[in-house]
Every structure is written in C-alpha cells, then in structure tokens.
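Database features, via Swiss-Prot:
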type: DOMAIN; residues: 34-84; note: domain 'bHLH'
type: MOD_RES; residues: S38; note: phosphoserine
type: MOD_RES; residues: S42; note: phosphoserine
type: CROSSLNK; residues: K67; note: SUMO1 cross-link
type: DOMAIN; residues: 262-332; note: domain 'PAS 2'
type: DOMAIN; residues: 336-379; note: domain 'PAC'
type: MOD_RES; residues: S408; note: phosphoserine
type: MOD_RES; residues: S427; note: phosphoserine
type: COMPBIAS; residues: 447-468; note: compositional bias 'Polar residues'
type: MOD_RES; residues: T451; note: phosphothreonine
type: MOD_RES; residues: T461; note: phosphothreonine
type: COMPBIAS; residues: 495-508; note: compositional bias 'Polar residues'
type: REGION; residues: 516-566; note: region 'Implicated in the circadian rhythmicity'
type: CROSSLNK; residues: K847; note: SUMO1 cross-link
Amino acid sequence: MFFTISTHKMSSIADRNDGSIFDGLVEEDDKDKAKRVSRNKSEKKRRDQFNVLIKELGSMLPGNARKMDKSTVLQKSIDFLRKHKEITAQSDASEIRQDWKPTFLSNEEFTQLMLEALDGFFLAIMTDGNIIYVSESITPLLEHLPSDLVDQSVFNFIPEGEHSEIYKILSSHLLESDSLTPEYLKSKNQLEFCCHMLRGTIDPKEQPTYEYVKFIGNFKCLNNVPNSAHNGFEGTIQRSHRPSYEDKVCFVATVRLATPQFIKEMCTVEEPNEEFTSRHSLEWKFLFLDHRAPPIIGYLPFEVLGTSGYDYYHVDDLDNLAKCHEHLMQYGKGKSCYYRFLTKGQQWIWLQTHYYITYHQWNSRPEFIVCTHTVVSYAEVRAERRRELGIEESLPEITGDKSQDSGSDNHINTVSLKEALERFDTSPTPSASSRSSRKSSHTAVSDHSSTPTKMTVDTSTPPRQSLSGHEKTAQRRSSLSSQSLSSQSLGQPVAQPTMSQPSTLQLQSGMSQPVFQFSAQLGAMQHLKDQLEQRTRMIEANIHRQQEELRKIQEQLQIVHGQGLQMFLQQSASGLNFGSVQLASGNSSNVQQLTPINMQGQVVQTNQTQSGMSTGHISAPHMIQQQSLQSTATQHNQQNVLSGHTQQSSLASQSQNTVSAPLYNTMVISQPTTGNVVQVPSSLPQNNNQNAAAVTTFTQDRQIRFSQGQQLVTKLVTAPVACGAVMVPSTMFMGQVVTAYPTFAAQQQQPQTLSITQQQQQSQQDQQQQQLTTAQQPAQQQLTQHPQQFLQTSRLLHGNQSAQLILSAAFPLQQSTFTQSHHQQHQSQQQQQLVRHRTDKMTDPSKAQPQ
C-alpha cells in the first residue's frame, strides 16, 4: 500500500518535471525568435540605409547614366577623393602667400593686376610656335586683341630676322632629350630671351611697328594633349627621333615691355554697356555727375565740377570731338564719335556720348547740355573704324573647345591660363594645312637692332593681324608640297623648318592680298554710291517742295498784282488827253540801223521796216527759244490795250490761268511838265525795193526818241498823259529780250512822219476827253478777250497809207516757244479791226484836230 502510494507520488512528480521542462523550452524558443526578428529588422534597416547612401553617392559621381553596382560606386568615389586630394595639395603649393596678396582678391584678379602693373601679359606657345593662349592685358600694351593671336603662329608677330633664334629657343628641349624629363619640366627649365613683337593697328596697311619685349617663362608638361601635326614638318624630322612627351610640352611665359607705359588703355571692360550721365555748360564744363560715374571713371563729382571736359580727352580725339560738338550746337542733339577718356587711375577708357541741349521753359534760351556716356570696348572701336576705312573684319573666332561648353559665353581669352591649358587638352587638333595656313603673313625688316625698344619698318606687304573668312579658306587650300617647293626656290635649307616657313607664307599672302584689297575697295565704292544716291534723292525732294511753294507764292502775287493794276487803269483812264495827229510827207531816204538798248535788265532793239513803212514796235521776240513748251496758252494770254488817237502809257497785267507767273520789275518813264517829244523819223523810198528803218533811243531824262533821218520831221503836240508809268515785266528765270519789228508790211507811196507833242490849251482837252471815251470802248473789248497785254500807239490812216507806232512789252507768264507766222497772223487780225475803227473816226469832221 505504501509502495503504491509512493509510486503514484513519483509518477506525479515526473509529470510535473516534464511539463516544466517543456514550458522552459517554449520560453527559450520565443526569446530566440524575438531576438532574430529584432536582429533581422536592424540588419534590414542597415542595408536599406547603405543602399540609399550608395545610390546617392552614385548619382553624384560623373560618368555614364547607367546603374552601377556598389563596388563601382565605391571605386569611383575613392578615385575622386584621391584626385581631389592631389589638386588640393597642388593648389596649396601654388597659393600666393597672404602676406603680400590682399584677402579680398582671388588669384586670377591678383595676377591680372600684377600683369598690368608690370606692363606684361601671359603667352602660352607650343613648341612649333602656335599660340594657344594670350591674356587680355596685351591690348593696352601692343593694341592687339587676344583673338588676333590665338591659334596663330608667333612668327607672324616677330621680325623675320629673329625667326631662327626664336625657333632654336623653342626647340631647345629637342637637343636635351636625354635630360629633359617630365620632372625636369616641372622644376629647372626657366628661360629668358628678348625680341621684337609687332604692334597692332586699326588700319592693317599702316607701316608696321615693333616693340621690344622680354620673355620670361618655362616649359610646361601637358598630359592629355593629342599628337600635333607640326605644321607640315613631319617629313623634316623623323617621328622616331622625337621623345614621346614632345607634343605635350608648351612654353608659358610672361611678356613684359622693355620700356614701361605710364598711361595705358583699360584692357578689360567688365560690362560694356555701363553708362553714366553728366551735365555740361555751353562752354563744356562739368555741372553735374551722377552716382554711376565714380566706379567707371574713378572721379567723384566734386573732383570734376567746374573743369572742362576737354581736359580728360585724348589729344588724338580732340579734332573729331570738336566737330561733333559743332554739330551739337547746330542741331541741338547728336551722338559723338568713339573717344578716350582719362580715368583717375591714369588709364584710357573708350566712351561714346549721346547728348542734347535743354532750353529754358520761359525764354527758350539754351541752358545746359545733358550727356549720357556709354562704355565701349576696344574691339567695337576697332571694328567701327575699320568699317569706315572699308576693311571687312571678321568676328573673333570661336574655338572648338568653346562650342563644347554648353551655355558658356566666355571666350578663351577671358579665362585663366590653367583653364586654357585644360581646354587645349580636350580640344581637337587642327589639320596640317589649316595649322600651316595660319602662319601666312610675314614682314621683312631691315635690321631689328636699329632701335632698342621700338622698330618701324617700311614694307609693301602689311603685317598679318587677323584673317577674314575668305582669306583663311583660300589659305587652307595650300598644300604641303607647295610649301616645300617655295622654300627650296628661295634657297632656304631643309634642316631649318621655320626658316622656310616665312618665304612660303609670304608668297601665299601676296596671292591673297590683291583679292582682299579688291573686295575692300569694291565694298567702299558701293557704300559711297549708296550714300550719294540717298543724298541725291533728298536734294530732289527738297527742290520739288521748294518749287511747289514758289508756285503758290507766285499765284498769290499774280492775283494781288492783277487787282492792283485794274484799279490803276480805272484811275488813270480819266486823266488821259488826246491830241491831234498830223501826217506829213517828206523825201525818201534809207535809214538802216540796229540800236540795242538796256532797259532795267531787258534789251530793246530796233529793227528795219519792211516795204517802206515806218514802224516802232517793242515786243517780246518770238524767235528766242524759251525753255517750256506751251505756245497755245501764251498766245491766248496776250492782250492789246489800244488807244484812240495817241499812245496810252499804261500797262495792265492780269492772267486768267493758273500757270506760274514771274515777279515783275517795273520801269517808270516819268513825264515832265514840259511836253514830251516822241520823234519818229521816216525815210521811205518811192519804189518797192528800198527799205527804211525807225531808230528808237532812250535818253537820260527817260524820253523815248527816234533818231532823225535826213528828211523832214513834223511835230505834233498832244495833251499830257496823267500816267507816265510804263511797267515792263521781267522773268525771274532769264532776262527778257525785246526787239522792235514790223507787225505787217505795206507799201508806202509817200513818206510819213508821226510826232506827238503836248498841248497846253484847256479848250482842246474837253474834246480830247470825248475822244477818250469813244476810244476806250474797243480797248476794253480787247482787254477782256486777251489776258496778255501790249502797249501800242494808234495807227492813223491818210488815204490808203498807214503808219504805226507800237510799244509792246511781253509778259512771260509761261516760258514757251511759238512760231512767228502764227503770232503775226493773230496780230494782223487785230490790226484790221483797229483800221476799220480808226477809219470811221477820221472820217468824222467833228473829231478832226487842226494843226
């Protein structure tokens, strides 16, 4: 029983132990599982973070855009860090010491300032003489733009007599190929030499001038420079004789002037469109300067106020500026030429000014001149002046390395030397013909040692400065065989490559220069032709406008003058008195004389009478050719003012057409209180074959006299004429020629003499007044029918004979030509009408006047 109980207790204890063990195992498993889960989470988090960092690092590394594995990313990162460490070490080694460099200046800025202070510039030259970099400080020193020298041979800018020496210096490392290692290139290779360099000019045809300069530099090793073409000299020196690093060496030098310049042009313009405003008096003294001027010119406003602007201008620009200022004073506004302004730092800066004159608002007097000055670069100035000279200048060449720079506008000359060398490492190498063609122009000099610092030579071929597009294309076509042939023909040895180069290039430039000069002359002639044609069109337009204005003024004067003459005729009609006219006969004789008379710019000339008729007639000659052609209008504009028995001494001028009328000159023949005598000698033949002439003269007392012949002259005294003014029109274009001629021919059986005198009897004036009334009626009819006026005396008939004294003055309202026959036929019809009228009057005995 006891055994049974104990056995039961033992079994219960064993079961209890097994359960506890199982529970313990379960608890341990749960703990391990929790630990694994926690560990897995932490591992996953770490891996995720590592992947994110690798991905971010891969995105920052340069290279392909493809996905890289972790090891590649880490490897490139290590390489980048190593390279960065090396560059940092080199920068620290080349860093300028802070004890003599200001902290606010970068290395590039400090280097530029030092070059300007030392009158020097940087120059990087390959061993074959090709220039790969030049700093901008060359512009104020030698007046070259950096683009003029980049990618050209240095031998183009050095006298020919110094080529061999410079070539030996640049190729000196070839002779030391054993000792010249990359380590040597980094340390003990400093080189100094002196030579002459060509100065730049605006006109390439000017006489070349050379400046004496000093080169101080050393050879630099370029790691990734592609193999050079050596400008066509591969056949001269075998490739196997050259060291492997020859093509990767360039000569970097600082070029300084032997004679320093105290005043230089500002070489760099940070912002070419910078401008400032100033105000000047009429004497060109500063009155105002705005706040933008001090950073540009260096002067504060109080430093320039009251001083003349001419104190700051370059002496070579004074003449052009004076002409511009004269233009300003004449037109009130304008634009100046390019000129140099002296800054406070003793540098010349190029400016262009727009100015205008301001006037007082009350009295309109000029007060002062407002100027807006704009900063311009030397490249713009040179391009503009070369265009004025008819020289085509191509734009600065953009190298291939710049085209690879996306969005960059900086040229190779605006970067540092280090960047230029790096760009040259990746830039494509020009072909042999292209590289050789750029060394095309050379100028022969007599003796480079004639002057120590500056040398002027007289040559027929101008030096090479810049190449236009068509020149470079023509020169690139030159082959290497032509270069070697020309070098042999000129006697240059093959062992000296660069000595054969100038001769080759001189021939090439001689061939391309006539084409360039011809194109430049053709462009200049075309430009001049366009300017002349434009100026001609402007002058013609002004002439047409002035002619139109003159025509309108003449029409107005004609209208006013016609109205005044009508009133004058009405007033003078009441004062006319007529006397009797007696015709007497005399012996016949021939009087033939031509007497020219000058009468206020007009010529009055007597002509011979035809068929024995004594006639005095002053009229416009229809044999003179006039310039304009309107004969019909002229014939219808003629008008005869006829008197009854005596001469009516007044002239009416009126035109019904709208043609251009000339200005009139008035000739006044005054009548004294005594009787005015008009003598008409008449010597008429008995037969039809003899002719007689009436000679008309004017005396100083303004009397009209006909010179006496050998026969009897009878005198008749007529009543005084109230109006003694004879108005003779004259044209403003040409002097009017008036000739006396007979209107019609009639045979005279008896000589006749007409004399007009003045009567004083008051009783006869009443009868003459009645005659005036009857005589004016046909005259008024003729006046309304014919606008052009003639002054004629009355014709008196005695039996079947007739005599006439006609004084006519033609009004040249239109310059025209007309035939004599048509004019005489028109006058003959008028004379016949007058004959009928006078015959009726003479038959009336109450109208007769006793002698």
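Positions of Cβ are set from backbone N, Cα and C atoms, glycine also.
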Around the Cβ of S38 (phosphoserine), other Cβ atoms found within 10 Å total 10
Alpha-carbon spacing, S42 (phosphoserine) to K67 (SUMO1 cross-link), which is rounded to whole Å
26
S42 (phosphoserine) CB neighbourhood, other CB atoms within 10 A:
10
List every residue in the same chain as K67 (SUMO1 cross-link), at least 6 positions away in sequence, whose Cβ is under 8 Å from its Cβ.
G58
Going by DSSP, is K67 (SUMO1 cross-link) part of a helix, a strand, or coil?
coil
